[in-house]
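As recorded in Swiss-Prot:
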type	residues	note
ACT_SITE	Lys166	active site, proton acceptor
ACT_SITE	His285	active site, proton acceptor
BINDING	Asn114, Thr164, Lys168, Arg286, His318, Ser370	substrate binding site
BINDING	Lys192, Asp194, Glu195	Mg(2+) binding site
MOD_RES	Lys5	N6,N6,N6-trimethyllysine
MOD_RES	Lys192	N6-carboxylysine
SITE	Lys325	site 'Transition state stabilizer'
Amino acid sequence: SVGFKAGVKDYKLTYYTPDYETKDTDILAAFRVTPQPGVPPEEAGAAVAAESSTGTWTTVWTDGLTSLDRYKGRCYDIEPVAGEENQYIAYVAYPLDLFEEGSVTNMFTSIVGNVFGFKALRALRLEDLRIPPAYSKTFQGPPHGIQVERDKLNKYGRPLLGCTIKPKLGLSAKNYGRAVYECLRGGLDFTKDDENVNSQPFMRWRDRFLFCAEALYKAQAETGEIKGHYLNATAGTCEEMIKRAVFARELGVPIVMHDYLTGGFTANTSLAHYCRDNGLLLHIHRAMHAVIDRQKNHGIHFRVLAKALRMSGGDHIHSGTVVGKLEGERDITLGFVDLLRDDFIEKDRSRGIYFTQDWVSLPGVLPVASGGIHVWHMPALTEIFGDDSVLQFGGGTLGHPWGNAPGAVANRVALEACVQARNEGRDLAREGNEIIREASKWSPELAAACEVWKEIKFEFQAMDTL
């Protein structure tokens, strides 16, 4: 008889191992699994473990040439999701050797590459990943991190202020540079290329880089503060992207930008390495994230995309506002904000954190709050995000009735007033409106901004609930 039993057998016989003790070097994943009717949860969980590691649909002869015990993913726990019918959290442990060192691309190809189209599952969502130090140590991570950035910019004890230049498409390079100058001159720390500003017929990248650099140096000379503009280096090829970053470095600017999901993790990691080697800060935009993370029961939660970015590398990343026009529930948002900034984050299911994450010495990333925010939100933003954050007001700067520079002044005055009030021990959550009103008495720019946006609200229920 042949020492090999052909045929199709249940995944759970091999891949469901409730007695497994997870190792410190394992990558752990929490999946929200919705099995098809009639598929038992253990089989569904085991199928996820199998299809995202060593398994295939039938027994194969070559299984005998390797050690499944050493290389297979294992579903080691399953729990029903409270309040949902036929939905489970399946916990899967992957041996470290399944992954190429320093490659977020390979990590995702393995863990989420194939299994999401699996027929036995109705839907599947990757809720969280535990990255062991043994793996995170193979990544460079953010080019510089929070402390180094503060030292480069010489700005301490407050959030940083930014503004996305609008209208995002259609301005000529010179007019674009003019808007950059006005915002920086008025008191912002940064201005930003929109995520879809790359190199279009109405404004080629090199012209934009030159005019923005000119704007930056002029504003720096006049204010005595260090200024930055996120020059978007995202391009159609990796070579072109690096070429743009090189030109930014030659201009002597402090920071470039990348769209990490549309650009891809391979390109992003290359750019992050270039930025560390050449002293450039790297601002990351998450364009396309909602395609992946917005559905509650299928896709990948943003906290996983945020962890992946910290490994791939970026110094800033957009992470929702909690108060503006885009998705983000407070506790869950603060959960992944901590995952971006802190060294050690405790498991806390109420904030959507399924695993304790120890980043050891990987630098942190500044969360960027951007999208539909204005001066009245400033106390809440200061309270929610604290000092280590970038607050970005696009329309909330450029929409000021007196123009861009007064819009920037209004935001800077509001921010400084909130920081001062907080440092004096006042309660921003309770007295926020009062603090802004007081400041607007001596700042006509702020008073005008307060008048324009006093009624604006984006009130819809958040989708991202636990």
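Numbers here mean position along the shown chain, with the first residue as 1.
Here the Cβ of each residue, glycine as well, is placed from N, Cα and C on the backbone.
Each of the recorded positions His285, Arg286 was scored by how many other Cβ atoms lie within 10 Å of its Cβ, and the smallest score goes to Arg286.
Classification of Lys168 (substrate binding site) by DSSP places it in coil, neither helical nor stranded.
Residues Asn114, Thr164, Lys168, Arg286, His318, Ser370, recorded as binding substrate, reach a greatest CA to CA spacing of 37 Å. DSSP assigns Arg286 (substrate binding site) to coil, not to a helix or a strand. Comparing C-alpha positions, Lys5 (N6,N6,N6-trimethyllysine) sits nearest to Asn114 among the recorded positions Asn114, Lys166, Lys192, Asp194, His318. Using a 10 Å Cα-Cα cut-off around Glu195 (Mg(2+) binding site), the recorded positions Asn114, Thr164, His285, Arg286, His318, Ser370 reduce to Thr164, His285, Arg286. Closest to Arg286 (substrate binding site) by Cα-Cα distance, out of the recorded positions Lys166, Lys192, Asp194, is Asp194. Residue with the densest Cβ environment among the recorded positions Lys5, Lys166, Lys168, Lys192, His318: Lys192, by other Cβ atoms within 10 Å. By the criterion of other Cβ atoms within 10 Å of the residue's own Cβ, the least surrounded of the binding-site residues Asp194, Glu195 is Asp194. The Cβ of Thr164 (substrate binding site) lies under 8 Å from the Cβ of Thr191, Lys192, Asp193, Asp194, Ser370, Gln392, Gly394, each of which sits 6+ residues away along the same chain. Apart from Lys192, Asp194, Glu195, the Mg(2+) site neighbourhood in this chain, defined by C-beta within 8 angstroms of the site C-beta centre, holds Thr164, Ile165, Lys168, Asp193, Asn196, Val197, Tyr230, Asn232, Met257, His285. Across the fold, the C-alpha of His285 (active site, proton acceptor) and the C-alpha of Asn114 (substrate binding site) stand 26 Å from each other. For Asn114 (substrate binding site), the count of additional Cβ atoms within 10 Å of its Cβ stands at 12 [all protein chains shown].
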